[in-house]
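What TrEMBL lists as substrate binding site is Arg103, Glu151, Phe198, Glu199, Gln200, Met201, Glu202, Glu307, Thr308, Ser309, Val310, Gly311. Feature annotation from TrEMBL assigns ATP binding site to 183-185, 193-198, 267-268, 311-314. Annotation comment: TrEMBL describes 11-337 as domain 'Aminoacyl-transfer RNA synthetases class-II family profile'.
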Amino acid sequence: MAAKNANKVMDKLVSLAKRRGFIFQSSEIYGGINSCYDYGPLGVEMKKNIKELWWKSMVYERDDIEGLDASILMHPKVWEASGHVAGFSDPLVDCKVCKTRFRADQVDLEKPCPVCGNRDSFTEIRQFNLMFKTFMGPVEDSANVVFLRPETAQGIYVNFHNVREAARKKLPFGIAQIGKAFRNEITPGNFIFRTREFEQMEMQYFVKPGEDEKWFEYWKEQRMKWYQRLGLKQEKLRFHQHAPDELAHYAKAAFDIEYEFPFGWNEIEGIHNRTDFDLSRHQEFSGKDLRYFDDQTKERFIPYIIETSVGCDRTLLTCLVDAYTEEEERVVLKLAPAIAPIKAAVLPLVKRDGMPEIAKQIVDDLRGDYRIFYDDAGSIGRRYRRMDEAGTPFCVTVDSQTLEDQTVTVRERDSMQQERVHIKEVKTYLDERLKA
Ligand SMILES: Nc1ncnc2c1ncn2[C@@H]1O[C@H](COP(=O)(O)OP(=O)(O)OP(=O)(O)O)[C@@H](O)[C@H]1O
């Protein structure tokens, strides 16, 4: 029953996302391609807003973090050093009869194939590496194999000294990066929750060994605060601590921030104490000295790294799920104004008496600062509903009173309360309410 309801909510969200232009199935006219999605006009705005808010809180509001945008394709040795060539894999089995593929840890191998019912039909377990391989240059041989990065972090580690020197940074400091990552997941699903191509927002914070635990606690707290700033319901968020047997090979401690989706509690962000593993390995494989020189203590050492790693697409899904609200007469996305794709809609009550002209003038005045939408099609009620579904926090309506006293109606999305505001005051009114 619970699973059925979960599917229903997700189905409704997927349908709203398509109808309103947030997210489309990739290559839809060709029947689609599994687990790949395209962001439409509203989706692209919302994703951009999420990335900007992350960047603002991680880079602009601090003085100890610098930005980076590293290449997706990297030297193949990076992935040997990182452990991804040897260890970034899931166990896989195939049914020899129906050819269905399973994750070996998600199916009972002693039982018949759950799809075709045949006994003893499973192949041996094989380790399936999740990295996408491709070839660089015109010759397709093993000497030219390169990988699409499965995480953005390695681009940060290999640039540790470049960024430190260029930005003249001393420990502790961080490097932040937003970019695409690719994983050939065996079991993608739940809409954009787990896909094979996705975007990550990662920050690696370099600290002195011995100070790592303190900074780990600090970043746990900071990152949880960020989700509150995104407007997510607090009771839907929690930490999950990795037990010793769950810890990745590089981690001394790991906490996930989890959200309660309609399909259960799931990770949205990982916070890891990666110790000196990454820089030590890159030092070993590259032969370059990646130690840090502390000019106060005159010591040389490899910094520890505290990582915060979150999926941008997964955050967007979380915000949509959290905002999706069904009320008696309407469906409304109660998105935080900072991430809402359209900040305000300007609506002439009727298409005459000069109302459209006044409305268009208001749009022109606001356009440079905000994503604004003009709509004069259909009844005012229908137009409000469309904006509710798009998560637009404010609707500005030009009506007959406007013609008399230059005031407009501003309707707030969640409360549906209306206020009269002078046309000259609309920009200030929005500025005050749209600040992140
Ligand atoms: N296939 C994916 N699709 C979308 N986002 C992803 C995917 N894999 C990872 N992420 C995002 O990147 C973040 C950090 O990646 P990390 O390697 O810690 O994930 P993970 O533990 O492998 O995730 P999971 O267990 O969900 O596969 C995740 O918290 C998630 O938000």
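Placed from the backbone N, Cα and C atoms, the Cβ positions cover glycine too.
Quantities reported herein were computed from a predicted structural model and do not represent experimental measurements.
Taking the features listed in TrEMBL, we show where each one sits on the structure.
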residue	record	Cβ within 10 Å
Arg183	ATP binding site	21
Glu185	ATP binding site	16
Arg194	ATP binding site	18
Arg196	ATP binding site	17
Phe198	substrate binding site	20
Gln200	substrate binding site	20
Ile268	ATP binding site	20
Thr308	substrate binding site	23
Val310	substrate binding site	24
Cys312	ATP binding site	21
Filtered by Cβ distance under 6 Å to ligand 1, the binding-site residues Arg103, Glu185, Gln200 reduce to Glu185, Gln200
Per 10 Å Cβ neighbour count, which of the binding-site residues Arg103, Arg314 ranks highest?
-> Arg314
Those binding-site residues from Arg103, Phe198, Gln200, Glu202, Thr308 that fall inside 10 A of Arg314 (ATP binding site) by CA distance are Phe198, Gln200
Express the distance between the Cα positions of Glu185 (ATP binding site) and Arg103 (substrate binding site) as a whole number of Å.
-> 10
Find the shortest Cα-Cα separation between Gln200 (substrate binding site) and the binding-site residues Arg183, Arg194, Ile268, Cys312, and name the residue that gives it.
-> Cys312
Measuring Cα to Cα, how many angstrom lie between Phe198 (substrate binding site) and Cys312 (ATP binding site)?
-> 7
Using only the residues recorded as binding substrate (Arg103, Glu151, Phe198, Glu199, Gln200, Met201, Glu202, Glu307, Thr308, Ser309, Val310, Gly311), report the maximum Cα-Cα distance in Å, whole number please.
-> 28
For Arg196 (ATP binding site), the closest of the binding-site residues by C-alpha position, picking from Glu202, Thr308, Val310, is Val310
Work out how many Å separate Thr308 (substrate binding site) and Ile268 (ATP binding site) at their Cα atoms, rounded off.
-> 11
